Structure formats: structure tokens, C-alpha cells
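Annotated in Swiss-Prot:
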- Cys12, Cys96, Cys198: [4Fe-4S] cluster binding site (BINDING)
- His41, His74, His124, Ser226, Ser227, Asn228, Ser270: isopentenyl diphosphate binding site (BINDING)
- His41, His74, His124, Thr168, Ser226, Ser227, Asn228, Ser270: (2E)-4-hydroxy-3-methylbut-2-enyl diphosphate binding site (BINDING)
- His41, His74, His124, Ser226, Ser227, Asn228, Ser270: dimethylallyl diphosphate binding site (BINDING)
- Glu126: active site, proton donor (ACT_SITE)
Amino acid sequence: MQIYLANPRGFCAGVDRAIAIVNEALLRFEPPIYVRHEVVHNKFVVSDLANRGAVFVEELHEVPDGSIVIFSAHGVSKAVEDEAERRDLTVFDATCPLVTKVHIEVAKFAQDGMDAVLIGHAGHPEVEGTMGRFNHRHGGRIHLVENESDVEALSVQDAERLAFVTQTTLSMDDTARVIDALREKFPHIQGPRKDDICYATQNRQDAVKHLASRCEVVLVVGSPNSSNSNRLRELAERMNCRAYLIDNATEMDINWFDGIQSVGVTAGASAPEVLIQEVLQQLQDWGGDLPSELSGIEENVTFSLPKALRIPMTQVGK
């Protein structure tokens, strides 16, 4: 059985930064270090950080006044920021800079009194944070749509003063169809100068298309609550591959590969390479060939840590 490995795959710059922020905080400060929501959507990563002292909570009321808290990579609403300031919490913001870019866009539309349309998945923490960045005091409203049917039912205050943004981890193909529907219904709608779907999401979706074109089965390493990992699985299925989303190698079933000549492996943006390597090793133990890594875009994006976490440890407290 041939094994193909997608390129790029796994960690993106925003995930690297978010995990590094938690790691640095654990090194520099006395526990407990609180993290609002899973810092990234991966069970292995969250469990590892929890074992080293991070305390994960869903809401700030679980954090004692005056504590250190880290906001997850998915971002938070303005109300959460305000509550943290009110309660004298020391905040390290691990929001992905590409999510922050969308927050800035939404805030500007609100300031201008426009309606905004957010293309995204209801209930996802990134969507909740972005919706919570829209200030309604200037007369505008923000609307959430997930698909073309939502667009069809959408009613806005002024179709000529309307803009859209998107969640950063969506299916590019699905989102393009929703944007087309918006532009058809609202010809004057404004969009971002550059696509809000992040570079890593785009690159991993392109890579899984390349992978699925030559494989019968595709394995996506990622947690069930990872939006971008789910989109990779769906994309492989649309290309007529059997696709499985797995947290780790223990979730694989040898029967998946009966009679299979080729299997592809990729990973969502929050899945660490160690889990991918364990999957590859299990496939080889079951008779697979040495993996062949496909060609792909080389990623060299990096995001810096907050200034307070970049100060050399020897200078902390001086």
C-alpha cells in the first residue's frame, strides 16, 4: 500500500504562536495560568498544556480576579475584553492575527453605521468573537449566514451600505458560492480587499485536493471540534475518497484499508507533527510502504509573541 503525505499540513503560524504564548506564560509566571477556551482545537495539545499547569475554562467568571488569563487563538468579543479589564486580569491575547484582521474590518463597518454579513458556522468560538466585535450603537447590524439558503432569506437595512467578512477556517469552495449568492442579491456589497480565509486554510485545502486525486482513502489528523480539519475531510469526500477524521493513530481501523492500494495523510492546522508520524508508523506496521511527501507550497509565515513574553527571562521583574 502506497502512503502519500500532504504538503503543507499541520501547525500554522497562528497555532504555533498561541501554543508558544501558553508555554511562555507557564515558564514565566506562578500557576495557575488560566486559558479561556481551548487555546487551539486539538485534544493532544490541550491535554499536554493542562498537564503542565494550564487551567482551561470556558468563561471568565471561572477566573479569580487579578489572575493571569490567555485568550484562545479563536479570538474573543469586546465584552470579554472589557470584563477582563474590569476585573484586573492580566491578559495575554493568543488571538490569531488573521482573526484580528477580521475583527478590525467588522469594527470599521460598525463605526460607519453599515450592516455586515459574517459568513461562518454558528456556535464556533471564532464566529462568536467576531460577532461580538460589532458595535450596534451606530445603527448597523451584523448578520450570520452559513449557506446560500441563508443568503436567500437575508434581509438588511440598506443594500447599498453593506459589507461581508468570513470566518478564517471555512471551505474555500463553499465560501465562494456564498459570496457569489451575496453579490447576486446585493450587487453593491463590499468585501475585504484580501480574502479573510487564512493562507493556511487555503494551502491545506489545495494540498488535500492534490492528495485525494491520487488516493483511495484519506486520513485527516485533527480533533472533531476543529473547523479546518472537518473541512479537509469533507473536501476529500467530495473528491470521491473515503475520508476519516482521527485524533490519533489509535482511532484507525485496519479494516479501512482492505484492498486499498493508496492512502493519503494530512492534518488540520492545530494537529502536531508527532501525531502525524504515529499515524504513518501504524500504516507501515500494517504493511504500508515508506511515505512519499507530495510537493506543495512552502510556508514561512511567523507571528511574534506579545511584547511582555519576548522580554528575556533575565530582565523579567527589573
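In case you wondered, yes, glycine gets a Cβ from its N, Cα and C as well.
Positions of Swiss-Prot features highlighted on the structure.
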| residue | record | Cβ within 10 Å |
| --- | --- | --- |
| Cys12 | [4Fe-4S] cluster binding site | 28 |
| His74 | isopentenyl diphosphate binding site | 28 |
| Cys96 | [4Fe-4S] cluster binding site | 26 |
| His124 | isopentenyl diphosphate binding site | 17 |
| Glu126 | active site, proton donor | 25 |
| Thr168 | (2E)-4-hydroxy-3-methylbut-2-enyl diphosphate binding site | 29 |
| Cys198 | [4Fe-4S] cluster binding site | 26 |
| Ser226 | isopentenyl diphosphate binding site | 26 |
| Asn228 | isopentenyl diphosphate binding site | 27 |
| Ser270 | isopentenyl diphosphate binding site | 31 |
Original post:
Around His41 (isopentenyl diphosphate binding site), how many other CB atoms lie within 10 A of its CB?
Top reply: 29
Original post:
At the level of the C-alpha atoms, what whole-angstrom distance separates Cys198 ([4Fe-4S] cluster binding site) and Thr168 ((2E)-4-hydroxy-3-methylbut-2-enyl diphosphate binding site)?
Top reply: 5
Subject >> Spatial neighbours, same chain, of Ser227 (isopentenyl diphosphate binding site) - Cβ under 8 Å, 6+ residues apart >> reply: His41, His121, His124, Glu126, Gln167, Thr169, Leu170
Subject >> Check: same-chain CB within 8 A of isopentenyl diphosphate site center, minus His41, His74, His124, Ser226, Ser227, Asn228, Ser270 >> reply: Val40, Glu126, Thr169, Asn225, Ser229, Gly268, Ala269
Original post:
Any idea what the Cα distance is from Thr168 ((2E)-4-hydroxy-3-methylbut-2-enyl diphosphate binding site) over to Ser226 (isopentenyl diphosphate binding site), rounded to a whole Å?
Top reply: 12
Original post:
Between the binding-site residues His74, Ser226, Asn228, which lies closest to Cys96 ([4Fe-4S] cluster binding site), Cα to Cα?
Top reply: His74
Subject >> Cys12, Cys96, Cys198 excluded, remaining Cβ within 8 Å of their centroid ([4Fe-4S] cluster) >> reply: Ala13, Gly14, Val15, Ala73, Pro97, Leu98, Val99, Thr168, Thr169, Tyr199, Ala200, Thr201, Ala269
**OP:** State the Cα to Cα distance, in Å, between Cys12 ([4Fe-4S] cluster binding site) and Asn228 (isopentenyl diphosphate binding site), rounded to an integer.
**Re:** 11
**OP:** Look up Ser227 (isopentenyl diphosphate binding site) in the DSSP assignment and reduce it to helix, strand or coil.
**Re:** helix
